[in-house]
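Engineer: Sharing the feature lines straight out of TrEMBL:
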- 1-18: signal peptide (SIGNAL)
- 56-443: domain 'Catalase core' (DOMAIN)
- 102: active site (ACT_SITE)
- 175: active site (ACT_SITE)
- 389: heme binding site (BINDING)
Ligand code: HEM
């Protein structure tokens, strides 16, 4: 254990650790049966179980509290009623300020397992042995929306991971997009002010389709690259489980003997990347604002624990500027062609929180929570973040002791001379709480690189010259990488980006802002500028080819891949209570569920074998839509007009499913339903035939997830 390096003092320190309930890692990252670390076990001792208990006040006496104490049955409530006062007072203070950004989120506990002993690249202990397990907590989020906003708003998504390592907490506070809008932290309040709702009427919620956002974007071209990513499927993922994560900044990894390399962190989803289409995301925002948090919760509850691999790109220190951009510039990513991904381990999220507020809301991630073996770089965005998170958390938690909250406590123990403050939870025994101190025999003792496995700054890190208030000229190019990103998408994905920019900018009312946007887009691509200009009713600028190139990279396209697993995807089986269609639907459901799919049988009303009514169902609820044999009767003629559902609802579900790129299918005679809504039976992602064929087809189709052939691209509708 880490105190062994302090051999002469080890006996004494052993005593100190034993006195601290959170000092013993083995007690806190406890191993469940089977030898695996149990992700939430360490929080068990602060869990409250009310079963079999009397209700008490906050100070512990048993009480009943159905009614307040009054001066006579119909009289005023008495000030004396301490039970009433305490209950109301606690309620009145339930809220803490929501996060100033990333307010909307969902989290889960899990386990990280190192694939190997990576001491050749880092002294970080959690990466120091093959099979070593470390508890983690991850919080996914959107950025701009308030805490109650919809999950499927188009946005960058937060992907913050806390590793409770045996040498302190390590947070990778990252996003699902590898780049950021700005290069210097001093611009962050401006960025956020421009995207948040307008200060006069607080409209619009969780959206950037408005003047101030695009005013800022078009005046600050460093935003272009991240904008392109956000306007693609990365801005509207199918679920948190279907997105990658990135540390965004360049960090350092440092070995035991002080050798360092620059590093980019990556989380690679093992579920595959998948995205919604925009119209579907908009409908979902109204139909189910909790779509993403529900998906994560349900996947974990049903035993489909999602997992990600932790990978790094490593670069020699002297190569920080070797690739035509600066690795300290957070608006650039490091294409895999320059530095391959090296996979270090795997994270599985296998436990939902017990209490949203105590865990997900109170967890306080900081890019400054790093451990021995990891170090910062001089990235000016990262440097600013190191101040901002601690500062904002002091505001949210009203004091400096938030690191003592159960979800924030490190499993490795805390020993220092920080004292007192609001909500102090520890009872410190050391009365000589200062250093140096002879009277306390030098404890807590000071560790360093060689003694006590202390944190150390990368040896040889140097300051970069004279102090100045400017941005390095190596950060100047804003256009090459957005173009690289755009070039690397499929034509339909490119169209999605263009459509998203069209959607957003067509909400902009100021003519000059629109022209500014076109000017910036034109530096990335004249083609993009022209295609957006058409919709805005404006002239596109002449080509501005300074940054034009035809390079492409891999790994940035979402739709151009086959998913490794389709477990937990939702299939809607459209049926009818008339005839024997429900029996057919049941057989179909059984066959699909054998393969891990979640099937919802839809019919006119709830009956045996019906999971949802047509009036409650719509295509956003399903990743694929199948019409069960016999159900063709609710798609046309009199059957389509029923008082039991809004007119034409079954056809609408099938049509939307098709329009939103989902696999659609019909069993046997139900192929008439396809015909009635004008879906070509032999089209890509359309399956018709016997049940076995349909099941096989739908399962193959779900791996493709979105059939992009169905979406038109500019030029498709040109006159012959
Ligand atoms: C100068 C730039 C930035 C500043 C000043 C900043 C500031 C903040 C603040 C104040 C919070 C709220 C924290 C809390 O209340 O606990 C936050 C949350 C967050 N930020 Fe940043 N941020 C910046 C850039 C970034 C970047 C580049 C990323 C991605 C790499 C990022 C990812 C996140 C995430 C994931 C959260 C949510 C953490 C959670 O789930 O609790 N931020 N940021």
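A Cβ is built for glycine as well, from the same backbone N, Cα and C atoms used for every other residue.
Heads up, TrEMBL stuff is auto-annotated, nobody curated it.
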Engineer: From the Cα of residue 102 (active site) across to the Cα of residue 389 (heme binding site), what is the distance in angstrom?
Structural biologist: 12
Engineer: Counting Cβ atoms within 10 Å across all protein chains shown, which of the recorded positions 102, 175, 389 comes out on top?
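Structural biologist: The residue with the most neighbouring Cβ atoms within 10 Å is 175.
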Engineer: Tell me, by DSSP, whether the residue listed as 'heme binding site' is helix, strand or coil?
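Structural biologist: In the DSSP reduction, the residue listed as 'heme binding site' maps to helix.
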Engineer: Does DSSP give residue 102 (active site) helix, strand or coil?
Structural biologist: coil
Engineer: Rounded to a whole angstrom, what is the C-alpha distance between residue 175 (active site) and residue 102 (active site)?
Structural biologist: 10
Engineer: Restricting to the domain 'Catalase core' (56-443), what is the model's mean pLDDT?
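Structural biologist: A mean pLDDT of 97 is what the model gives the domain 'Catalase core' (56-443).
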Engineer: Would you mind pulling the DSSP three-state label for residue 175 (active site)?
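Structural biologist: DSSP call for residue 175 (active site): strand.
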